[in-house]
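Asker: Let me begin by handing over the structure; questions about it come next.
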Amino acid sequence: MTLSPYLQEVAKRRTFAIISHPDAGKTTITEKVLLFGQAIQTAGTVKGRGSSQHAKSDWMEMEKQRGISITTSVMQFPYHDCLVNLLDTPGHEDFSEDTYRTLTAVDCCLMVIDAAKGVEDRTRKLMEVTRLRDTPILTFMNKLDRDIRDPMELLDEVENELKIGCAPITWPIGCGKLFKGVYHLYKDETYLYQTGKGHTIQEVRIVKGLNNPDLDAAVGEDLAQQLRDELELVQGASNEFDEELFLAGEITPVFFGTALGNFGVDHMLDGLVAWAPAPMPRQTDTRTVEASEEKFTGFVFKIQANMDPKHRDRVAFMRVVSGKYEKGMKLRQVRTGKDVVISDALTFMAGDRSHVEEAYPGDILGLHNHGTIQIGDTFTQGEMMKFTGIPNFAPELFRRIRLKDPLKQKQLLKGLVQLSEEGAVQVFRPISNNDLIVGAVGVLQFDVVVARLKSEYNVEAIYESVNVATARWVESADAKKFEEFKRKNETQLALDGGDNLTYIAPTMVNLNLTQERYPDVQFRKTREH
């Protein structure tokens with residue numbers, strides 16, 4: 001059966017994001033993925049030493065100064081017969097709620113682990129978010145050109161800490177100065193390592209068969225024997241790859257390599273296009289929308305301010321769920337009920353914007369936005385429904401914000417509410433006093449907010465520390481119990497930017513005790529937009 005041209009386009013799409021701890025090599029992998037997809041011919045070392053060459057996926061003034069990717073940019077590139085959309089996720093200590101929300105807009109994730117360090121804190125947090133939708137995960141063990149931990153130990157750690165089974169696809173031969181290549185368990189082939197730096201992809205020498213004498217000649221008898229011994233262990237002790245379990249988010253195929261040395265990234269990409277799902281169906285408040293439907297639907301998962309320093313515009317990033325976008329099409333913004341003609345949607349190659357004529361499910365569009373679009377907004381061709389699963393996440397860091405000029409309270413509140421609608425930060429107004437508390441997931445969000453308040457709203461603000469450890473959105477089906485809860489905890493209650501009631505806890509101990517005391521009240525870590 002031949003698929004219609006529309007369904008062929010849908011079937012070609014793969015949309016994924018990379019999750020990792022800072023410095024596990026995410027930006028390098030991003031560049032090498034684009035290199036193998038021929039999207040950029042020179043993958044510049046990320047912080048070009050002494051040169052002004054910036055990595056392709058870093059932008060905005062602050063990013064330029066710090067050499068980090070604050071903004072979740074989007075890159076599209078062809079690979080084999082597929083079109084791959086890679087959503088970049090801010091990686092440093094400077095990551096934000098955008099990073100979490102971006103994971104709600106993809107169909108698959110690549111987890112990058114520094115093989116010298118293993119599972120680290122940020123990776124754990126990001127994996128928790130992927131669990132909200134059981135997103136399929138591929139794993140790349142990076143930095144094999146350095147001395148790494150025992151590979152079996154790494155697999156055990158992923159399984160135990162992240163509660164996902166590991167199915168090794170390739171297996172390393174040596175590491176550091178002795179790194180010789182990887183063996184592919186399912187193709188019975190060894191790929192020999194020759195370092196390719198920058199944008200040179202070396203021709204890889206392949207040795208067929210595990211017992212081929214050429215293998216001993218190429219890597220040395222000791223390493224060849226060690227490989228055979230390890231593989232016996234691996235095949236006995238680890239999971240076989242099973243596509244169904246992968247799609248259910250229960251096992252992860254594991255690849256080994258070095259992104260810096262341009263080695264192993266293509267094996268992972270081959271796996272990604274072969275196994276990662278084409279655009280998936282998504283839930284709305286009324287029904288499930290399939291990617292095969294021809295009527296257009298999409299949702300906004302992120303709003304980016306000021307991508308163009310010359311203009312103060314904002315761009316809303318929209319994930320296409322179904323249907324084909326065509327230039328000049330009329331779409332309904334469900335929240336406002338208004339119909340808008342969209343003739344200037346953008347597609348991105350990180351920072352280079354170009355206007356797009358058409359887009360399909362899995363693609364990401366940039367919509368110009370002058371403050372009228374919010375995170376979580378659904379666009380359709382008229383159907384009144386709202387996509388679910390684009391949450392706010394409970395902040396982990398809090399500051400009180402204070403004005404240098406107290407007469408500008410009105411501008412401050414307006415600025416903060418707009419910034420919170422964009423997802424730059426969350427705002428809480430305690431019920432019992434006139435404080436304004438801002439909450440964030442990453443420290444850099446605080447700097448961004450003060451800088452933007454000054455440049456966009458002409459408001460100078462400073463931060464003070466505040467006695468808040470965490471926040472939870474509260475609700476209850478029992479009105480009487482809820483009233484009692486509100487009465488007795490007034491000093492810990494606040495309203496967020498959307499006027500939702502929030503419990504702000506001074507300590508985790510306080511939160512746990514309060515939850516025990518009020519079993520009829522729900523304390524939520526996430527809130528739907």
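Each Cβ is built from the backbone N, Cα and C atoms, and glycine gets one as well.
What Swiss-Prot shows for this protein is this:
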- 20-27, 88-92, 142-145: GTP binding site (BINDING)
- 11-280: domain 'tr-type G' (DOMAIN)
Asker: Within 10 Å of each Cβ, count the other Cβ atoms, then let me know which of the binding-site residues Ser20, Asp23, Leu144 comes out lowest.
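Answerer: Ranked by other Cβ atoms within 10 Å, the binding-site residues Ser20, Asp23, Leu144 bottom out at Asp23.
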Asker: Give the helix, strand or coil assignment DSSP yields for Ser20 (GTP binding site).
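Answerer: The three-state answer is strand.
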Asker: Could you tell me which of these binding-site residues, Lys26, Thr89, has the greatest number of Cβ atoms within 10 Å of its own Cβ?
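Answerer: That would be Lys26, with the most Cβ atoms nearby.
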Asker: Restricting attention to the domain 'tr-type G' (11-280), give the mean pLDDT.
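Answerer: Its mean pLDDT is 85.
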Asker: Specify the secondary structure state of Thr89 (GTP binding site) as given by DSSP, simplified to three classes.
Answerer: coil
Asker: What three-state secondary structure does DSSP assign to Lys26 (GTP binding site)?
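Answerer: Reduced to three states, the DSSP call for Lys26 (GTP binding site) is helix.
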